[in-house]
Amino acid sequence: MSGTRVEIAEARRLVVKVGSSALTTAGSGLDVKRLDELVDAIAARVARNCQIVLVSSGAIGAGLAPLSLGKRPRDLATKQAAASVGQLALAHAYAESFGRYSLTVGQVLLTSDDVVRRAHYRNAQRTFSRLLALGAVPVVNENDTVATQEIRFGDNDRLAALVAHLIGADALILLSDVDGLYDGDPRDGAKRKIAEVISESDVEGISVGMSSSGLGTGGMVSKLAAARTAAGAGIPVLLAAAVDAAGALGAADVGTVFAPADTRLSARRFWLGYAADSSGRLRLDDGAVAAILRRRSLLAAGITGVTGKFEAGDVVDLVDAKDVPVARGVVAFDASELPDLIGRSSHEVPVEHRREVVHADDLVPLRR
Ligand SMILES: Nc1ncnc2c1ncn2[C@@H]1O[C@H](COP(=O)(O)OP(=O)(O)O)[C@@H](O)[C@H]1O
Ligand SMILES: N[C@@H](CCC(=O)OP(=O)(O)O)C(=O)O
């Protein structure tokens, strides 16, 4: 068994995320048998002295049938109405199911503000920590009924990756209706399953698509992004099928694992790289990209373009010549100051502006 699989098998604190497509069916709503099987697997792992936070989607899917809605709605208001009805059904089903093992559940509904704002982040941290200390299983979802477009996480894969870091999890398990990462959408005939992702080269050239069940949100795109986020922050990830939950939580050789980076990012650097909202972007030339990936500060000379309205102290994305994000950092200038400085070497800029645009300490590379 690979080192990453051993780490996941031995994790003492876990985040398990289950997707809508694994828990709900378009016609008949919540699949209680599947939910019970998932809870069986979680309870077995808890009994082996592991603390688990469950991130569960499925509120919208579970709310469709009671509201006589045939398929997943497209507009936000109807989704929110479905989530309002479905979340209650979901929480009730989990309370009943965990009750079979005398386990207590606590519901935690989050909006992105709860992790994007640092004070809220610490507040959420305290709640999780106390729930776990009291032996409860926190069941988390996005607070869909109040989350407007601006404050949405967008998908629960990302939410699960953020929660994994927030609670200091030893591993993240993403359960879906597909049994791993393939070199293309298996529904389009892709056959090769990738057992382990160690570096970017293992996923280069594969095609990842959106959800094909019509129930899920982000498809494999969001799972891959979440796996990169968690693994990049030092947390090993397993992506497996919900039908294999017992195996996935019980050390069987299933799914795709993502090897973690060697170092775990501090809370501040994780927040900066993955949770904070970005207020703009700086486009870099190849030399500057290479420098920041070697953990050097970003100087004005390597910047070729500036977009967005930001002030010194805001978080910005640093992108390469093809607009692919390579890092995020705290910028030391207002957006209005930069056009006169970019592309110029230090001795060409006025003395009062001779400083790093993003200091190495305030910069988190997104590529390994
Ligand atoms: N490269 C790929 N490997 C595996 N699945 C893929 C890939 N590309 C697209 N998919 C699709 O992503 C779906 C899982 O995403 P989604 O339905 O959003 O799940 P969930 O509801 O669990 O979040 C799979 O059913 C599959 O059809
Ligand atoms: N919060 C929404 C789920 C959003 C979501 O990310 O769904 P999924 O892609 O199935 O994990 C719900 O409970 O229906």
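Yeah, the Cβs are placed from backbone N, Cα and C, and that goes for glycine too.
Packing around Met220 (ATP binding site) is summarised by its Cβ count: 25 other Cβ atoms lie within 10 angstroms of its Cβ, all protein chains included. Summarising the annotation, TrEMBL assigns ATP binding site to Lys17, Ser176, Asp177, Thr217, Gly218, Gly219, Met220, Val221, Ser222, Lys223.
With a 10 A radius on its CB, Ser57 (substrate binding site) counts 30 other CB atoms from all the protein chains. Look at TrEMBL and you will find Ser57, Asp144, Asn156 tagged as substrate binding site.
TrEMBL lists 280-358 with the feature domain 'PUA'.
It is Asn156 that, of the binding-site residues Asn156, Ser222, has its Cβ surrounded by the most other Cβ atoms within 10 Å.
Of all residue pairs in Ser57, Asp144, Asn156, the annotated binders of substrate, the farthest apart have Cα atoms separated by 11 Å. Taking Ser57 (substrate binding site) as the reference point, the binding-site residues whose C-alpha atoms are within 10 Å of its C-alpha, out of Lys17, Met220, Ser222, are Lys17.
The binding-site residues near ligand 1, defined by a Cβ under 6 Å from one of its atoms, are Asp177, Met220, chosen from Asp144, Asp177, Met220. In this structure the alpha carbons, written CA, of Ser222 (ATP binding site) and Asp144 (substrate binding site) are 18 Å apart.
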